[in-house]
Ligand code: SAH
């Protein structure tokens, strides 16, 4: 008998009534037809909606809400519909306490999947008092309409630039700076870059602002070597934006969606601005990673420091250290800190930051954490505490093995991805480490991203 070809239970453009029963980790509503899931944006658990199927795949389909028959208790009015269209604020329809609970649940789910829930407790997510206008960095594509340059964001899955001026989640100083820069650039014959045609000059504006210092860095990304009347433009920018301390022209003439090009010219100040965390000063260059939510990063680091519980005589490794933010916090209460990071620019900056803050008990090394830690271990380094803050993909297997070899008293894991966090924790727990409580921290309100900290202690 010929096997009947499997068919999805819904068709494209089909209209049907559904009840939302779950949320994906990205915060999309889930409704099931038999066992086949529909993923639906702007829909919360308990809501009954009429939806239209827009895309059908083998294991799931996407649908959009045509009509919502009832509101979940956690629903709040949209602040800006463009934040859903462009994906900048996919959770904005959820009340903030519900967002925090949702994020905690992501951590719980990941730990449960790995069988770790019995050995720990997941605390309530630490949120922001005012969960808006928090980002200290914006990378904004530029469009043009009727000859005027404008800021916006791409509609999800397209090259169509939706005009936006108040992004709701960026520091107000950043939104204001973007509009001032555009008003100035609009006085000159400057074309916006068109991704499809690979033509036009102005690609992106990147604005970073020190949350505590107010200092502003502006990076202008161009598909060319120069702007017209460049000196005049730079003078006007300086005159009209008093907090500006650095202007960088980044040259990106490639047909790519990578924002920054290799070459750049600093046309004002140096390639750095400054911000603070706790009582430490940090210089940050245009290419360096810096936590985008400064005040929440302080809360996150505070949790990491508490878990490290330093007495002053410890040797500490800070892996995936970036520009040395966590390393320097640790150095204030440890004997010695060793930081490792793969971006060598960031390591240069980490060293400069140690100097600026008068901390001489920190050693930084550029390289892959999994390789450098092996070198250190072979050279006889015996860390008492190992702090890790890896990217989303989590820890490399060799890295974990090296840590297990030296058996530090404590391991502190700062994670931006609960799934890889749980996967990695199992390996430490299996080798006799005991899990402390897991503390989620909300670094990215209105988005689905979750950050969490947990300490492990050797049994
Ligand atoms: N702890 C820092 C940075 C965390 S972001 C802070 O809080 O500011 C993660 C960092 O890991 C990034 O700086 C990234 O460049 C770095 N990284 C990514 N893969 C790495 C690897 N294999 N080895 C070392 N560092 C790596």
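Note: Cβ is positioned from N, Cα and C throughout, glycine not excepted.
Annotation source TrEMBL lists domain 'TRAM' at 9-67. Per-residue pLDDT, averaged over the domain 'TRAM' (9-67), rounds to 96.
If you take the C-beta of residue 389 (S-adenosyl-L-methionine binding site) and look for same-chain residues 6 or more apart in sequence within under 8 angstroms, you find 304, 318, 319, 320, 321, 322, 326, 414, 415. Residue 389 (S-adenosyl-L-methionine binding site) carries neither a helix nor a strand DSSP state and counts as coil. Annotated S-adenosyl-L-methionine binding site per TrEMBL: 291, 320, 341, 389, in sequence order.
Here TrEMBL flags 416 as active site. In the three-state DSSP scheme, residue 416 (active site) falls into the coil class. Sequence-distant neighbours of residue 416 (active site) (same chain, 6+ residues apart, CB-CB distance under 8 A): 391, 392, 443, 449, 450, 451.
The active site, nucleophile annotation in TrEMBL covers 416.
Closeness to ligand 1 is met by 291, 320, 341, 389, these being the recorded positions among 291, 320, 341, 389, 416 whose Cβ falls under 6 Å from the molecule. Report note: the S-adenosyl-L-methionine site is defined by 291, 320, 341, 389, and the residues of the same chain whose CB lies within 8 Å of the CB centroid of those residues, excluding them, are 289, 318, 321, 322, 325, 326, 390, 414. Candidate binding-site residues: 291, 320, 341. Fewest other C-beta atoms within 10 angstroms, 320. Mapped onto DSSP classes, the domain 'TRAM' (9-67) shows 0 helix, 33 strand, 26 coil.
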